[in-house]
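Step one of this worksheet: look at the structure below.
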Amino acid sequence: MGALGLQGRGGRPQGTGCLLLAVAGATSLVTLLLAVPITVLAVLALVPQEQGGLVMESAGLGAQAQQGLSKSNGLPSRLHSQIPSSSKNPFLRPGALSSHGKHPWVATLPPIVASTPVPGFQQLQEEKPETDLSSRLPAAHLIGAWMKGQGLSWEAKKEEAFLRSGTQFSGAEGLALPQDGLYYLYCNVGYRGRAPPSGAGPQDRSVTLRSSLYRAGGAYGRGAPELLLEGAETVTPVLDRAGRPQYRPLWYTSVGFGGLVQLRRGERVYVNISHPDMVDYRRGKTFFGAVMVGLVPSASLGKCLHSANV
C-alpha cells in the first residue's frame, strides 16, 4: 500500500495551507521591516526641504523689501547685489517664525540716506551764516578817569574802554569818527557830594548837575561847537520842621542820556560837565561812547534826533 498524505477537513491537504500561511507571515514581516527605514528616510528628506523653502521665502521677502527700499532711495541697480539677504545673516535662524506664527523674521539693513530728495518729504535747506557787521562798524567806549592837575579825563584802553574800526580819541580834541553815518551817542556821568555847610541860604541848598555832548570840526569849524545832547539832574535836600536841610553825609546821583545823531567824517564829539569836582570816578559810573548804526544820505547830514533823558 502506498503512503497516504495528510488531509484535513473537506479533503484538502494540510501541508499546502501551512506553506501559504508561512509565506504570508514572512511577507508581512519584510514589509514592516522595510517601511520603518523608508519612513525615516522620507522624513529626513522632507524636513530640510521644507526649512529650505522657508529660508528661500524669507530671502525672497527680504530681497523684495530691499529692492523697494533701494527704489525709494534712488539706489542704482548695481548696488542691489551688495546688500546681503537674510539667508546670509548670521543672526537670523533658518526657519524661525514670528510671534504670530505666520511669517518668518526678515533681517533688513538700516535705511540709507540718499542725497536726492524723496517725494512727499520736505528737505531742510542749509542755513548760510549771516555776515556779522558789528565787528566792522566804527564804535568807541570811553570811561572817566581822574587825572592830577586836570580833573576829569577819558581812558580809551583800560577796563571796558575800546576804540574800533578807525575811531580815534584825543583828550584835547575829543572823539573822532572815521566816516559819515548815523551814530548812537550815549553819556552817563556819576556825581556825588556832601551836605552844604550850615547857615547857607535857600538858594544854595539845591544843586543842578549838567552833562552835555558837543560836536566840533568838519563843516562846523574848530571854533563853532554845536550842542547835540544834554541831560540834567537837580539835587534838593529834605528840610526838617525847622527848615534846615537834612542831607546825609554823602549823596549820589547820575545824569545819563543818549540819542541818534547824523555825523560827518572829521567831526569830533566831546563831553562838557557842570561840576567836575563832584564827578564819581568809581567803576561803571562815568562813561560815554558812540556806535555807528547805519548809513544816511549826504543831503540829510547835520540833523539830530534827540532821545529823552534817562
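Each Cβ is built from the backbone N, Cα and C atoms, and glycine gets one as well.
Under the heading domain 'THD', Swiss-Prot lists 138-293.
Annotation note: N272 (N-linked glycosylation site) sits in a strand segment as assigned by DSSP. As annotated by Swiss-Prot, N-linked glycosylation site applies to N272, with the evidence given as sequence analysis.
Here Swiss-Prot flags 67-86 as region 'Disordered'.
Annotation comment: Swiss-Prot describes 1-27 as topological domain 'Cytoplasmic', evidence class sequence analysis.
The topological domain 'Extracellular' annotation in Swiss-Prot covers 49-310, and the record cites sequence analysis as its basis.
Annotation source Swiss-Prot lists transmembrane segment at 28-48, citing sequence analysis. Distant neighbours of the transmembrane segment (28-48): none; no residue of the same chain at least 6 beyond its ends has a Cβ under 8 Å from one of its Cβ atoms.
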Whole-number mean of pLDDT values that fall within the domain 'THD' (138-293): 85
